[in-house]
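Student: Here's a structure for you.
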């Protein structure tokens with residue numbers, strides 16, 4: 001699901017202020033999965049994450065008349081998730097030491113405005129993959145998305161293991177070029 | 001400045017949770033050094049996070065979640081409506097109450113008995129017992145010194161009666177309108193059964209003996225216990241202890257046939273029993289006697305006769321004290337002292 005651009009977001013937010021459930025539903029479907037996954041970086045229980053994100057949306061609905069989005073809705077929602085997680089930690093009273101440490105380190109700062117969401121990455125990745133010839137792509141998808149080993153792919157496609165290796169690395173090369181402007185460092189650890 | 005080639009493995013270690021404290025500190029320092037470094041770190045972390053999501057994204061059910069949240073929104077809205085309604089209900093109530101009172105005054109003369117339950121009380125004198133037939137067809141035998149309060153007509157739903165003392169009940173079967181006996185310490189619920197209740201308020205024990213059917217008994221505030229025939233449950237009113245034992249039920253309600261049955265019961269119990277039935281204090285002056293077992297069946301006997309028979313069959317002697325008047329000029333209970341015969 002593609003993200004909203006600035007103008008779409010403006011329209012959706014003004015519809016939301018006028019009690020539009022459709023607008024709310026659109027926002028929910030656009031951001032829910034990404035926010036739960038973002039939440040998963042801090043809280044490791046899936047149900048708790050879903051609860052946290054649902055509370056944020058409930059609050060968004062209840063405060064819809066007075067809500068002020070300063071930078072972007074994405075940034076607003078990510079910050080809300082992050083703060084709720086910190087609250088959650090205080091709530092469960094995880095080891096005090098951790099609590100004081102957590103959120104105070106520079107390593108825990110988030111540039112929410114420029115954060116790339118899970119769906120953003122996959123939208124780009126699949127767009128980039130579309131431009132890669134099927135012959136190369138097939139081996140890559142089997143390897144990276146379906147978790148098959150080179151040997152298994154070789155058997156399946158009836159080619160040599162070496163051929164599989166070549167095709168995967170060729171796809172990686174093409175992806176690197178495709179994604180270069182999107183994400184400079186994607187390659188360095190994400191796709192080794 | 002540390003080169004990116006050097007920091008790269010440390011970032012990787014940090015993100016996968018394998019960094020040492022030293023590496024963590026080094027990374028912190030490096031991130032603080034410049035906005036570029038901070039930016040680089042955040043991007044690396046961002047990539048790592050989206051590439052390694054904590055949950056499988058396909059397991060997140062957006063539609064179920066959306067449904068859930070709309071239910072929550074509807075619930076909050078209903079609460080608001082309810083608050084408004086409540087407000088109007090209160091306002092309406094304030095207006096309606098005087099009207100109701102007026103109506104009540106107008107109709108009171110005509111319908112005064114409709115909503116109040118009129119009770120009748122039966123008492124059974126000491127030393128004897130009596131039989132009562134309740135409006136629903138239930139038969140109750142009241143042992144000496146007992147009283148039963150019951151409504152002149154039972155209302156739909158519950159048949160409530162109040163007992164003080166000992167009573168044997170043969171409840172008329174009616175599953176829809178349970179029969180409820182209340183005593184100081186106990187509430188008993190039955191449909192169609194027979195049971196004996198001992199609940200003299202001067203006694204320290206409240207007890208129920210099941211003869212047939214099924215009943216639920218609740219002592220004090222405790223939760224109800226279900227009893228089956230042949231069981232006797234006794235509750236100590238002071239210690240709040242509850243004891244269930246198997247028994248021959250007839251022994252406990254034979255009094256309704258004019259019998260007093262003792263089957264290897266301790267003498268202390270025999271005298272307690274006699275005291276309750278005949279309204280006398282029988283004091284055992286020799287503690288060694290208290291636990292001696294006694295076996296006898298008395299049929300329609302007076303207290304004097306029973307004491308005479310007891311003296312013949314056991315090594316006992318009695319001293320009957322003169323009855324004294326209390327400050328209101330009323331005779332107090334007679335006291336009989338029991339000694340071991342020499």
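Including glycine, each Cβ sits where the backbone N, Cα and C put it.
Annotation source TrEMBL lists domain 'RNA polymerase sigma-70 region 2' at A:27-90. Feature annotation from TrEMBL assigns domain 'RNA polymerase sigma factor 70 region 4 type 2' to A:125-172.
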Student: For the domain 'RNA polymerase sigma-70 region 2' (A:27-90), what's the mean pLDDT in this predicted model?
Tutor: 88
Student: Count up the helix, strand and coil residues in the domain 'RNA polymerase sigma-70 region 2' (A:27-90) according to DSSP, in that order.
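Tutor: Each residue of the domain 'RNA polymerase sigma-70 region 2' (A:27-90) counted once, the result is 48 helix, 0 strand, 16 coil.
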Student: With DSSP as the yardstick, break the domain 'RNA polymerase sigma factor 70 region 4 type 2' (A:125-172) down into helix, strand and coil residue counts.
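Tutor: Residue counts for the domain 'RNA polymerase sigma factor 70 region 4 type 2' (A:125-172) by secondary structure: 37 helix, 0 strand, 11 coil.
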